[in-house]
Amino acid sequence: MPLPAIDPAEYASQLADKVTQFKHAFTPFAVPEPTVFPSAPLHYRLRAEFRMWHDGERIDYAMFDPAEPKQPIAIEQFDIAAEPICAAMPRLRERLRASETLKRRLFQVEFLATLSGELMISLIYHRPLDESWEAAARELAAELNVQLIGRSRKQKIVLDRDWVLERFALDGRPLQYKQIEGSFTQPNGGVNRQMLGWACEQVRGVGGDLLELYCGNGNFTVALAPLFDRVLATEVSKTSVEAAHYNLAANDIGNVAMVRMSSDEISAALARTREFRRMKDVDLDRYRFSTLFVDPPRSGLDAPTVELARGFDRILYISCNPQTLQENVAALQATHGIAGAAVFDQFPYTRHLECGLLLTRRGGPRAP
């Protein structure tokens with residue numbers, strides 16, 4: 001994680017610059033005025049990781065400037081981190097400094113917090129962990145009231161559980177999400193909640209069935225599923241699929257079929273060019289897809305997935321990379337136009353911008 005330059009007084013102007021760049025980039029596609037969802041200027045980041053810098057008996061959190069990658073910068077406080085992380089950082093450092101067992105060859109510390117106040121800390125070592133470490137770690141976890149995990153090469157010690165439970169309300173509806181250590185979770189919880197709300201508004205009243213690619217732990221699936229008759233969701237990560245199944249059950253979602261497949265594979269399955277054992281319990285003939293939802297990696301949609309998308313009347317696209325989003329929109333321009341747009345400032349004080357587009361078929365929906 002790079003060291004950001006943080007000045008809350010500059011936040012609004014920095015966001016305005018990013019929005020201007022977004023609008024300029026998508027002007028050739030007649031993008032409507034985007035809805036802008038800002039971040040809180042401080043305490044917005046639910047994930048943080050630090051190298052641990054040892055100097056004699058002293059140990060400190062450290063980050064590195066890309067311009068001087070070998071020179072550590074000691075971190076006394078980290079105001080962009082969520083408040084549970086900020087509160088735990090000095091207490092954890094004190095306990096590490098006081099315990100040779102806990103600090104010896106400690107290489108890195110990772111924090112994962114939730115909007116609902118839970119916190120998980122992973123301590124990563126360059127040595128095997130033994131019973132004495134586990135005893136000291138249990139005392140530390142109890143004192144800090146956190147989930148604590150120890151890692152070293154080919155070793156993982158989970159003292160209680162390796163996940164936290166996120167809880168928040170969306171349009172008055174209480175939601176909960178299991179977030180597993182080491183798997184992808186949204187870094188900016190406040191902005192994520194705004195993304196979910198915007199996505200729901202784009203498809204409210206549409207009905208029909210939804211195909212979702214890259215569903216992760218079900219972040220959007222849980223929010224969107226009640227707005228559709230049926231949902232077919234795909235994801236390749238085993239841990240994310242496990243979390244998604246938990247999250248669907250925990251939120252009483254019963255209209256989602258989930259399969260562990262890549263976008264290439266589901267494209268082939270829908271085109272009936274390949275059969276997959278993983279699809280044996282899914283009757284594709286029952287689905288009447290009205291909408292495709294995608295939240296792909298930075299590389300965007302590959303050519304087969306773009307071809308798949310052309311067959312949908314509505315494409316709801318969340319992107320963490322406006323450049324590949326531009327490329328995909330250009331590839332779809334002959335069949336789809338932009339009907340709605342939003343920008344989500346997941347990463348304040350950086351050049352990165354999350355964005356969302358609603359693409360609809362030119363000339364209206366196809367006849368059923």
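Glycine residues also receive a Cβ, built from the backbone N, Cα and C atoms like all the rest.
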Kindly point out which candidate in E201, E235, E307 is recorded by Swiss-Prot as part of the S-adenosyl-L-methionine site with Q186, Y214, N219, D295.
-> E235
How long is the line from the C-alpha of E235 (S-adenosyl-L-methionine binding site) to the C-alpha of C320 (active site, nucleophile), rounded to the nearest angstrom?
-> 17
Which residues, same chain and not among Q186, Y214, N219, E235, D295, have a CB within 8 angstroms of the centroid of the CB atoms at the recorded S-adenosyl-L-methionine site?
-> F184, C215, G216, N217, G218, F220, S240
Taking the Cβ of N219 (S-adenosyl-L-methionine binding site) as the centre, count every other Cβ atom within 10 Å, in any protein chain shown.
-> 26
N219 (S-adenosyl-L-methionine binding site), DSSP three-state class -> helix
